[in-house]
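Trainee: After the structure tokens below, expect a handful of questions from me.
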Amino acid sequence: MASTADGDVGETLGQMRGLWPGVEDLSLNKLATSLGASEQALRLIFSIFLGYPLALFYRHYLFYKDSYLIHLFHAFSGLSIAYFNFGHQFYHSLLCVVLQFLILRLMGRTITAVFTTLCFQMAYLLAGYYYTATGDYDIKWTMPHCVLTLKLIGLSIDYYDGGKDRNSLSSEQQKYAILGVPSLLEVAGFSYFYGAFLVGPQFSMNHYMKLVKGQLTDVPGKMPNSTIPALKRLSLGLVYLVGYTLLSPHITEDYLLTEDYDTRPFWFRCMYMLIWGKFVLYKYVTCWLVTEGVCILSGLGFNGFEENGTVKWDACANMKVWLFETTPRFTGTIASFNINTNAWVARYIFKRLKFLGNKELSQGLSLLFLALWHGLHSGYLICFQMEFLIVIVEKQATNLIRDSPALSSLASITALQPFYYLVQQTIHWLFMGYSMTAFCLFTWDKWLKVYRSIYFLGHVFFLSLLFTLPYVYKAMVPRKEKLKKRE
């Protein structure tokens with residue numbers, strides 16, 4: 001799902017929904033006022049788009065230059081962005097980066113270093129959430145720090161894997177394992193890379209080092225032909241930005257808390273939640289598409305070639321836009337949304353819990369980690385609890401339809417496919433909106449008020465299915481189908 005960083009950026013875009021008039025005084029404060037945004041919001045938006053000229057500078061003046069120059073450029077530009085947005089509070093990220101380097105050097109490739117990193121970085125982030133918490137989204141230093149926290153935890157695990165026997169590692173772990181010893185400058189450049197410092201995406205140290213060495217290009221020895229792919233993602237991001245800016249005054253989460261919403265018919269309350277649930281995610285889509293374009297332009301988005309020779313620029317993709325817009329399944333939305341963060345959790349949390357021997361338990365603990373990483377508000381826990389519940393029920397329903405001859409035949413009727421799709425999408429986005437209500441309102445008094453107004457529909461619906469579908473499965477699936485499945 002979305003992160004705290006994503007929520008802060010989303011609030012930024014929500015604030016920037018004025019008529020965009022021209023201004024004569026270009027001071028940040030007056031410009032922000034004329035745009036209907038806060039100065040802090042304008043600084044953030046400016047910083048995200050600043051990645052494009054920085055990437056162009058890197059391409060034309062630093063590509064294939066000495067590694068230390070590239071690390072210095074990335075570290076200095078990222079620190080400058082941090083200072084520009086958060087003033088002296090940029091020291092929080094700098095402190096964690098330096099201490100992380102010391103942990104790697106002093107503790108080495110040990111499990112102790114991994115646990116120390118996990119405990120320290122998460123504790124620092126959660127303490128930041130606690131001491132800066134308010135009832136609303138604020139643009140503060142914890143926004144990029146949650147992105148940095150995952151980077152540094154992943155760095156420690158990859159460094160630990162680099163000291164293990166290669167044969168004991170999976171192919172994925174071998175790909176990310178760090179064989180060398182990172183210098184402080186390398187860790188700083190990796191941490192402060194301008195295209196991902198504020199809102200992501202996540203990427204590994206090994207991938208970053210390939211960028212520094214000039215290996216992330218479709219034309220060896222030359223700059224990558226990534227300008228057009230980068231502009232395509234930027235253009236798509238701008239389309240979402242314009243759409244969100246125009247519609248955001250009319251579709252707000254604040255309306256969910258109004259008396260007018262409470263007095264509307266039940267069907268209206270559900271339909272508003274459905275539309276809002278789809279629309280609210282567009283603010284995250286916008287930011288990820290824009291930052292993906294920065295990563296592509298610099299070369300970091302290079303991901304090799306297809307079998308037919310087509311270049312892939314999706315190494316830093318956080319969105320699969322077509323899948324996101326068309327999938328009728330909750331798991332489809334999860335697979336298309338915040339891809340790199342989800343991949344990070346799968347790689348470093350979910351798969352590392354394999355020793356538990358229970359996939360559902362591993363999934364539940366992974367989602368609990370995600371909820372805590374987002375923040376200390378109860379709404380995050382409720383949102384990811386709903387995701388866990390919905391995914392289990394969706395899997396039950398899929399198995400039932402697949403294994404039941406009657407339901408399988410009914411589902412395969414071509415003439416009814418549009419109707420099925422409409423029903424699926426309605427259920428899908430209604431309960432995505434239901435889950436996002438807790439995520440976006442995040443304090444218990446707010447999300448509880450909205451859930452009461454629709455009678456806890458999401459919990460009632462999915463908990464009922466969770467307990468009844470196994471009995472329906474027993475009744476509708478012949479014994480031979482069950483035996484075949486076991487085989």
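Each Cβ is built from the backbone N, Cα and C atoms, and glycine gets one as well.
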Trainee: I'm validating the feature mapping. Which of 67-87, 88-108 is tagged transmembrane segment in Swiss-Prot?
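Mentor: My reading of Swiss-Prot: the transmembrane segment range is 67-87.
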Trainee: From the ranges 138-158, 453-473, pick the one that Swiss-Prot records as transmembrane segment.
Mentor: 453-473
Trainee: When you get a sec, could you say which of 164-167, 484-487 is annotated motif 'Di-lysine motif' by Swiss-Prot?
Mentor: 484-487
Trainee: Can we call the transmembrane segment (236-256) and the transmembrane segment (422-442) in contact, meaning three or more C-beta pairs below 8 angstroms at a sequence separation of 6+?
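Mentor: Between the transmembrane segment (236-256) and the transmembrane segment (422-442), contact is present.
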Trainee: Could you round the CA separation between Asn308 (N-linked glycosylation site) and Asn338 (active site) to a whole angstrom and send it over?
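Mentor: It is 28 Å, counting Cα to Cα.
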Trainee: Looking at the stretches 111-131, 178-198, 285-305, 364-384, 453-473, which one shares the most CB pairs under 8 Å with the transmembrane segment (67-87)?
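Mentor: Per the Cβ under 8 Å count, 178-198.
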Trainee: Do the transmembrane segment (111-131) and the transmembrane segment (453-473) share at least 3 Cβ pairs under 8 Å, sequence separation 6 or more?
Mentor: no
Trainee: Roughly how many Å separate the Cα of Asn338 (active site) from that of His374 (active site), to the nearest whole number?
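Mentor: Asn338 (active site) and His374 (active site) have their Cα atoms 13 Å apart.
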Trainee: For each of Asn308, Asn338, count the other CB atoms within 10 A of its CB; which of these recorded positions has the top count?
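Mentor: Result for the most crowded candidate: Asn338.
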Trainee: Within 10 Å of the Cβ of His374 (active site), how many other Cβ atoms are there?
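Mentor: For His374 (active site), the count of other Cβ atoms within 10 Å is 24.
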